[in-house]
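Engineer: Please find one structure pasted underneath; my questions will follow.
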Amino acid sequence: MPWIQLRINTNSDDAETISDLLMEEGAVSITFEDGKDTPIFEPKLGETPLWRDTVVVALFEADTDLTPTIEMLKTLPFLGEHFSHKIEQIEDKDWVREWMDNYHPIQFGKRLWICPSWREVPDPTAVNVILDPGLAFGTGTHPTTALCLEWLDSLDLSNEEVIDFGCGSGILAVAALKLGAKKVTGIDIDYQAIDASKANAERNDVADQLELYLPEDQPADLKADVLVANILAGPLRELAPLIAERVKTGGKLALSGLLKEQAQEISDFYSQWFDMDEAAHKEDWSRLTGTRK
């Protein structure tokens with residue numbers, strides 16, 4: 001059965017309101033697309049990431065008359081009578097299959113692969129992490145996650161203790177354990193992140209080596225040989241003294257979640273405690289690494 005697709009150009013402030021109205025008008029699905037090629041931070045679990053320029057895409061059944069819907073939208077003050085939109089007919093597809101077909105095993109560095117559960121691992125002898133994409137968060141597809149995974153792959157983590165600060169889905173924690181770490185401590189402010197990390201560790205048979213804490217519950221004397229923090233520039237600056245305290249002398253640090261233009265300022269700030277390396281970049285994003293003084 002074909003469908004009618006309505007595309008509306010708007011902004012992040014109004015996208016959710018338009019989405020709700022279109023659902024009331026009978027839309028069977030709503031998705032958001034980037035109106036321009038702009039970077040977006042990884043969202044927290046449960047959040048919907050939106051760009052400043054957002055396209056709301058609604059699907060309606062083929063026999064739907066959209067004339068009343070368009071007239072209603074014209075009355076909205078933030079859209080107006082001549083709002084930008086497009087209506088077209090599209091053929092039916094197996095949308096679940098198409099979504100699954102978009103995800104393939106991805107290699108990071110020399111040893112590490114992140115594989116959806118429905119795909120066969122390309123190299124059974126490699127270090128394989130099984131992780132299914134859900135939210136656009138912590139699946140390896142975001143440049144900041146990729147930068148951190150590549151860094152972990154480059155290290156000898158044998159018998160090392162690791163802290164994953166802002167563990168999210170647990171992808172970095174699980175990868176570190178699969179790469180040989182003796183123990184990983186994951187810390188996150190979100191209960192959903194703690195649950196997701198636990199579930200992904202169980203799926204990869206490393207749950208007994210992973211300890212998970214909310215920030216207020218982390219042990220006061222916690223220290224590690226390696227610490228990775230894939231969060232954002234603001235929290236990285238605010239948490240710098242605590243992060244430094246958590247890394248043993250001579251220990252390794254990786255920071256990501258940074259746009260290129262933010263990297264130098266954060267690197268300079270962390271140089272109080274770490275000998276900082278040159279930044280690594282992927283697309284618009286950066287990763288900083290250093291060694292504890």
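Glycine is no exception: its Cβ is also placed from the backbone N, Cα and C atoms.
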Engineer: Let me know which member of THR141, THR145 Swiss-Prot also records as binding S-adenosyl-L-methionine at the site of GLY166, ASP188, ASN230.
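Structural biologist: So the S-adenosyl-L-methionine site in Swiss-Prot includes GLY166, ASP188, ASN230 plus, from the candidates THR141, THR145, THR145.
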Engineer: Only counting partners 6 or more residues apart, tell me which same-chain residues put their Cβ under 8 Å from the Cβ of GLY166 (S-adenosyl-L-methionine binding site).
Structural biologist: ILE187, ASP188, ILE189, ALA229, ASN230, ILE231, PRO235, GLY257
Engineer: State the three-class DSSP label for ASN230 (S-adenosyl-L-methionine binding site), counting H, G and I as helix, E and B as strand, and everything else as coil.
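Structural biologist: SS state of ASN230 (S-adenosyl-L-methionine binding site) = strand.
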Engineer: How far apart, in Å, are the two Cα atoms that lie farthest from each other among THR145, GLY166, ASP188, ASN230, the residues recorded as binding S-adenosyl-L-methionine?
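Structural biologist: Looking at THR145, GLY166, ASP188, ASN230 as a set, their Cα atoms extend up to 16 Å apart.
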